[in-house]
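J.: Mind looking over this structure? Questions follow.
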């Protein structure tokens with residue numbers, strides 16, 4: 001009974017992580033805005049920034065991995081490899097969000113020391129969409145951290161179980 005409950009909980013978390021990563025990818029890819037500054041058209045898109053590209057790629061990798069695990073794990077084919085792959089996915093998501101958040105912060109606030117001006121005032125639609133994507137990515141990272149804890153618990157419980 002307890003094993004089945006853990007499996008159901010992990011499956012629900014995986015579907016939640018899948019939803020969050022897919023939303024993050026779709027919203028970030030569709031984020032764009034343009035503004036006219038001094039008779040020049042300035043276009044803001046996710047692929048203008050390597051950090052946002054990395055974010056989209058990392059979230060996409062996590063989505064594909066999640067789909068694979070949902071279908072293979074139900075057949076019991078992955079075993080302890082899931083722990084390692086969950087850890088890699090958690091770290092990948094965390095690093096991509098960190099990079100994207102750093103760029104988003106510069107876009108919102110600018111950097112007076114480097115002479116970079118904030119751009120969110122000129123392209124608010126892009127910034128709003130990027131924030132939504134980053135929130136979804138953050139949710140995915142939190143869910144994956146919870147999945148990592150569940151995976152570790154599932155693998156380590158039999159090792160440390162007291163045998164009568």
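Using the three backbone atoms N, Cα and C, a Cβ is placed for every residue, glycine included.
Got these off Swiss-Prot a minute ago, pasting:
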| type | residues | note |
| --- | --- | --- |
| TOPO_DOM | 1-8 | topological domain 'Cytoplasmic' |
| TRANSMEM | 9-29 | transmembrane segment |
| TOPO_DOM | 30-53 | topological domain 'Extracellular' |
| CARBOHYD | 39 | N-linked glycosylation site |
| TRANSMEM | 54-74 | transmembrane segment |
| TOPO_DOM | 75-80 | topological domain 'Cytoplasmic' |
| TRANSMEM | 81-101 | transmembrane segment |
| TOPO_DOM | 102-129 | topological domain 'Extracellular' |
| TRANSMEM | 130-150 | transmembrane segment |
| TOPO_DOM | 151-164 | topological domain 'Cytoplasmic' |
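Surface or core, plus neighbours and distances: that's what I need for these features.
T.: For the topological domain 'Extracellular' (30-53), DSSP puts the residue distribution at 8 helix, 12 strand, 4 coil.
A simple way to gauge crowding: the CB of residue 39 (N-linked glycosylation site) has 5 other CB atoms within 10 angstroms, across all the protein chains here.
Proximity of distant same-chain residues to the transmembrane segment (54-74), defined by a Cβ-Cβ separation under 8 Å and at least 6 residues beyond the stretch ends, is recorded for 10-11, 14-15, 17-18, 21-22, 24-25, 28-29, 46, 82, 85, 89, 92-93, 95-97, 99-100, 133-134, 137, 140, 144.
Beyond the topological domain 'Extracellular' (102-129), the same-chain residues lying 6 or more positions past its ends with a Cβ under 8 Å from any Cβ of the stretch are 27-28, 30-35, 37, 42, 44-45, 49, 51-52.
A Cβ distance under 8 Å defines the sequence-distant neighbours of the transmembrane segment (130-150), meaning residues of its chain 6+ beyond its ends; these are 6, 9-10, 13-14, 16-17, 20-21, 23-25, 27-28, 31, 46, 52, 55, 59, 62, 83, 86-87, 89-90, 93-94, 96-97, 100-101, 104, 107.
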J.: What are the DSSP helix, strand and coil residue counts for the topological domain 'Extracellular' (102-129)?
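T.: Going through the topological domain 'Extracellular' (102-129) residue by residue, I get 14 helix, 2 strand, 12 coil.
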J.: Short question: which residues 6 or more past the ends of the topological domain 'Extracellular' (30-53) have a Cβ under 8 Å from it?
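T.: Answer is 99-100, 102-103, 119, 122-127, 129-130, 133.
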